[in-house]
Amino acid sequence: MQLSSTKPSSKTREPSTAQDIVTMQNILEKLYRAESISRQESQALFGAIIRGELEASQLAAALISMKVRGEHPDEIAGAATALLADAQPFPRPDYLFADIVGTGGDGTNSINISTASAFVAASCGLKIAKHGNRSVSSRSGSSDLLSAFGIKLDMSAQDSRQALDDLGVCFLFAPQYHLGFRHAMPVRQQLKTRTVFNVLGPLVNPARPPLALIGVYSPELVRPIAETLKVLGYQRAAVVHGGGMDEVAIHAPTQVAELNNGEIETYELTHRDFGLDTYSLSALQGGTPEENRDILASLLQGKGERAHAAAVAANVALLLRLFGQENLRQNAQQALEVIHSGQAYQRVIALSARG
């Protein structure tokens, strides 16, 4: 489906033709009857949403109807496809690269594990194009933290690609690439509940990575999001939830759904699988962006808390597996060695210097 390239106006606009109106009404009626809609119908619906073509009441009803019934992977994939089609362009690399990202919304207020993991993974030789936004549940989201480090959030797509080439890591700020999200924001704020938009962020990286490690805020989402990644054509990915966190956990078992060349395997991981000690969730508590900056600066220079290093090592270990390094214990040890060397912090400094 060809999505309009016209910039959305500040006011709600009606679909352009009578046929569009009938089709959209049919889609909405199916949702009101608690029926699933197809990937194509979902793509049409979310295309209309990000162009500002739905009334607030229609948008609210559609989102709540999907939430109460439970979103189907095809519906989530259709929504992601619409958002990616509307995204600002990014020069996609032809080499293997990944995203490591969480939905947020887990309410744990932990340190920025996935952001730290991106820099450590790059220092392990991987290429990471991290998609992120401001905080959802914690006091400091990935964008908040990077700003505290002096890293430029509105770096151009070309400059971000150059950073990915040179440093092995770049950060793509969601609002810079997904302008249509703003049409849904007032309704989302009024609803004050999670909707499909809460899980779309990790699925709409404008760089379109073939690999991804995605954390979700609920164990019930692990398998459906893996199914969605399959529909979207990811080569290899892992969806995780660990003990209330949208990360690989070291304080509790982690539920994993791993996609590998079209096949999905579900399994459980504990700290023992990585050869790591266990630590309590309270040991991973974060704070303000400035406090988290200081915590991660110490960690990435090799001077941080053991619990923080272990948490990052576990996530990097699973990310390394997605690139074909299958031994999680060896991967975790490699990550710890990189953390203790201070190499990862040099990448933070180098990325900040490009601002």
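Quick reminder: no glycine exception, Cβ is built from N, Cα and C everywhere.
Database features (Swiss-Prot):
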- Gly102, Asn133: anthranilate 1 binding site (BINDING)
- Gly102, 105-106, Ser110, 112-115, 130-138, Ser142: 5-phospho-alpha-D-ribose 1-diphosphate binding site (BINDING)
- Ser114, Glu247: Mg(2+) 1 binding site (BINDING)
- Arg188: anthranilate 2 binding site (BINDING)
- Asp246, Glu247: Mg(2+) 2 binding site (BINDING)
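The separation of Ser110 (5-phospho-alpha-D-ribose 1-diphosphate binding site) from Glu247 (Mg(2+) 1 binding site), Cα to Cα, is 10 Å. Within 10 Å (C-alpha to C-alpha) of Ser114 (5-phospho-alpha-D-ribose 1-diphosphate binding site) lie the following binding-site residues from Gly102, Asn133, Arg188: Gly102. Take the binding-site residues Ser110, Asn133: by the count of other Cβ atoms within 10 Å of each Cβ, the lowest one is Asn133. The CA atom of Ser110 (5-phospho-alpha-D-ribose 1-diphosphate binding site) is located 16 Å away from the CA atom of Asn133 (anthranilate 1 binding site). Within 10 Å of the C-beta atom of Ser114 (5-phospho-alpha-D-ribose 1-diphosphate binding site) sit 27 other C-beta atoms, taking all shown protein chains into account. Among the binding-site residues Gly102, Asn133, Asp246, the residue whose Cα lies closest in space to that of the residue listed as 'anthranilate 2 binding site' is Asn133. Sequence-distant contacts of Gly102 (anthranilate 1 binding site), defined by Cβ-Cβ distance under 8 angstroms and a gap of at least six in the same chain, are Ser114, Pro202, Ile214, Gly215, Val216, Tyr217, Asp246, Glu247.
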